[in-house]
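Asks: My questions will all concern the structure given below.
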Amino acid sequence: MKSCHGIEDETGLSLLGSADHTTMLIFNGSIFMPSVLTLIGIPGLESVQCWIGIPFSVMYLIAVIGNSLILVIIKYENSLHQPMYIFLAILGATDMALSTCILPKMLGIFWFHLPEISFDACLLQMWFIHLFQGIESGVLLAMALDRYVAICDPLRHATIFSQQLLTYMGVGVTLRAAILTAPCLVLIKCRLKLYRTTTISHSYCEHMAIVKLATEDIRINKIYGLFVAFTILGFDIIFITLSYVQIFITVFRLPQKEARFKAFNTCIAHICVFLQFYLLAFFSFFTHRFGSQIPPYVHILLSNLYLLVPTFLNPIVYGVKTKQIRAHVLKMFFSKKTP
């Protein structure tokens, strides 16, 4: 093996010094446990990434401001200390955390040409992204169950959704996501030692994007990634769908048209959020594994939108469609101040 920037010994090992003075160990053309990775952003659209960063940053600002506003309103309005709004607050906090994990580094790539990230920081970002995705999916399931009980068994709603149950659900959703996604870190860190390149054709550290860099057998990593996706997203979408089917059956059996409309209206916001989250999630998931014919920039753009669009749309959808939230927002900004 030839190395023009490093020193090679008789075993085929060489030390390659990079421009930022880090040292990588090269073995038979593969890089052994790289300390630094490079995110290229959106492959094929490098020349316009600075412009793509503008709408992304606007979405991020809307997500932070909108979700913060909802959190403040729910915290200080005692009338909103109900399961539906508590779940909405958790969803808003998760959305802000998810977008904050991604966008600052992404804008660093797009605007300031800072593509490098340490290997451990990349794995940590990957874990946080999938952790918050899992939490968001679990919260959407909890919200669907809340609507199911509120509409199908309203007299027992307050008894079933007690403060203790809400605590258990919050802890359970978080632990489920953390425990199921943590082995992805371990499998990459402990199994994959040799990498063909340190360049990730993505704008953030995604599980399969990192795994595909390895020269070793990655079947276990792929299988476990599929297992996590279907255990979390698959399980949740099945039970959310069953909940809404039962809700619709109950709603259409109501004798009064006005009662049917009112019951259905309380679910519209949840359905909108549910559809845009899971449709984008599964499209991104399957194209990354099976969409070899789809141009890379299309996949990467959709992956970015999958993570960013829900975070800024959720507060808008709930702010517009939820009467209580909308009323408090209007009151906050347009109420006349008494002297």
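Even glycines carry a Cβ here, placed using N, Cα and C.
Automatic prediction, not curation, is the source of TrEMBL annotations.
Pulled these from TrEMBL:
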TRANSMEM  25-45  transmembrane segment
TRANSMEM  51-74  transmembrane segment
DOMAIN    66-318  domain 'G-protein coupled receptors family 1 profile'
TRANSMEM  86-112  transmembrane segment
TRANSMEM  124-145  transmembrane segment
TRANSMEM  165-188  transmembrane segment
TRANSMEM  223-251  transmembrane segment
TRANSMEM  263-285  transmembrane segment
TRANSMEM  297-318  transmembrane segment
Asks: Other than its close neighbours in sequence, what residues sit by the transmembrane segment (263-285), given a CB gap under 8 Å and a spacing of at least six beyond its ends?
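Replies: Counting only partners 6 or more residues beyond its ends, the transmembrane segment (263-285) has Cβ contacts under 8 Å with 133, 136-137, 140, 143-144, 147, 150-151, 229, 233, 237, 240, 244, 247-248, 250-251, 254, 299, 302-303, 305-306, 309-310, 313-314, 317-318, 320-322.
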Asks: Tell me whether the transmembrane segment (25-45) sits in contact with the transmembrane segment (223-251), defined here as at least 3 Cβ pairs under 8 Å among residues 6 or more apart in sequence.
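Replies: Touching, no - the transmembrane segment (25-45) and the transmembrane segment (223-251) miss the threshold of 3 or more Cβ pairs under 8 Å.
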Asks: Looking at the domain 'G-protein coupled receptors family 1 profile' (66-318) alone, can you tell me the average pLDDT?
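Replies: Across the residues of the domain 'G-protein coupled receptors family 1 profile' (66-318) the model's pLDDT averages 89 on the 0 to 100 scale.
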Asks: Do at least three CB pairs under 8 A connect the transmembrane segment (297-318) and the transmembrane segment (86-112), leaving out pairs fewer than 6 apart in sequence?
Replies: yes
Asks: Can you tell me which recorded stretch out of 51-74, 124-145, 223-251 has the most Cβ pairs within less than 8 Å of the transmembrane segment (297-318)?
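Replies: Between the stretches 51-74, 124-145, 223-251, 51-74 has the largest tally.
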